[in-house]
C-alpha cells in the first residue's frame, strides 16, 4: 500500500493459493536475506533519487560556470531524471537476459562514470551526454532491479518492504542537498562531481547484494501466489533462467529454442566426428559456435518476453479512464520536479540565502514527503475512505500550492507552501492502487510501466520549460502558473472521463428499454 509510483515492483498478483500440495516456505522470502534486499533498495533510492532531487545545487553552479540560458542549462538535470524513468521498460530487456544483479552492477559503473566524466565538462552540451544520458541510463539500470528484487523476495510483507525502501528518496534528498552544498562550497562543483562519482560506485555493492532466488524458490513462491496467467503478466520481474512463459508465445519460443539447440548439437557432433584428426584447434571454433548460438537464443527469448510484457497490452488504450490517467501523468510530475530544480535560485533572487542555508526548502519538501506517503496510505486504507477521492484531493492540494508559490516572498511562507507540496505529493504511494483499480491486476505491470514512461517525459520537459519561460519573462512566476494550469487540465481529465464512463451504461440501458 505504501509503495510509491517509482517503487512498484513488476511482481503483482493474487495471494490466492493454487494447488493442493503443501509448499515448504523459503526462509529468505519475507525474512532472512530479504531484508538485505530492502537495505540495498533503500540505499539505491538515496544515491539515485535523492541525488537527483538535490540537483538544484549543481544547476546554480552550472549557470555561473557556463553562462548559458536557464532553459538550456535545466536540460542537464531534466535529462538525468527523465531518462532514469523513460528507459525503465527497456531495462526490462537486460533483466530478462542477464538478471537483476548483473544489470544493477553494470548500471552502477555507468552511473559513476557519468558523474566522473562530467567533472571535466567544458560546456553544457558535454554535460548532456555524460550526466544527462550516461548517468541517467546508469541510474535506470540500477533503479528498476532494486524495485523488482523487493517484489521477488516479499510475499506477505511486500507493502511494508516497499514502504521502507522508498523512504530512501526523502532521506536521500535531505542528505544529498546538504552534502552537495558542502562539497561545492569547500571543493567546487567539479571536485564535487568527481567525489559523487566515487560515492556512486556503492551502487555496485547494492547490486551485488541482489542475490537471485533459485528457480526452485521462485516456482514455489508462485505456486502459492498466482496462477499461470498471472505468471505471464509478471514475467519482467524474473531473469531468463527463472521464467517459463505460458501460452502460444511461450510454446512457440520453446519450440524455436529446442530446434536451435538440436541444430547446434547436431553440428557439433558432425564436426567433432569428422574432424577428430585436427585435434584441439577446432574445439575453440565449436565453443564459439555454441556460445554464439546460446547467446542468440537467450537474446531472442528475452526480447520476446520483454515485447509481450510491454507492447502486448494494446487493449489498455481502449480504456478511456486509463488514457486520461496517462494525460494526467504527462503534466503532473513536472510540477513536483520544477521546485527542486529552480527553488535554490528563486531563494537567491529573494535574498533569502541565509535562512535557506540553515534549512533548505528542498529539504523541507523531502522530509515532509516521507510522512505524506505513509499518512495518505494509511488514510486511504480505511474502509470508509475512497482511495480515488484521497488521490484527487492530494492532487488538488498540490496544484494549489504550485499556483500560490510565486506569491510567497518570505522564507516562512515559502517553507509552509513547500511543506504542503511535500505532504500532498505523497499521493505517489496511491498510484499503484489507483492503476490497479483502472486496469485490473492482470494488466497492472504493463499499465504501470506506461505511467512511469509518462512521468519520465514530464520530468524531462518540465524544468527546461520553466527555464525557457524565465529567459523570456525574467521571472519564474509564469513558469509555475503555466505548469500549474497544465496540471489542472490533467486533473480535469481524471474527473471528466469517469463521469462519461458512468453515463454510458445508463444510455445503453435506456436504448435497450426503448427497443
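Using the three backbone atoms N, Cα and C, a Cβ is placed for every residue, glycine included.
Note: TrEMBL annotation is automatic and uncurated.
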TrEMBL annotation of transmembrane segment - which of the ranges 192-210, 211-229 it falls on: 192-210
Transmembrane segment range according to TrEMBL, out of 301-319, 358-376: 358-376
Which range of 33-55, 240-262 is transmembrane segment, per TrEMBL: 33-55
Contact call for the transmembrane segment (192-210) and the transmembrane segment (103-121): at least 3 Cβ pairs under 8 Å, seq gap 6+: yes
Candidates 75-96, 127-148, 358-376, 388-408, 414-435; stretch with most C-beta pairs under 8 Å toward the transmembrane segment (33-55): 127-148
Stretch-averaged pLDDT - the domain 'Major facilitator superfamily (MFS) profile' (37-502): 78
Contact between the transmembrane segment (478-496) and the transmembrane segment (321-343) (3 or more Cβ pairs under 8 Å, separation 6+): yes
Segment proximity, the transmembrane segment (388-408) to the transmembrane segment (75-96), 3 or more C-beta pairs under 8 Å: no
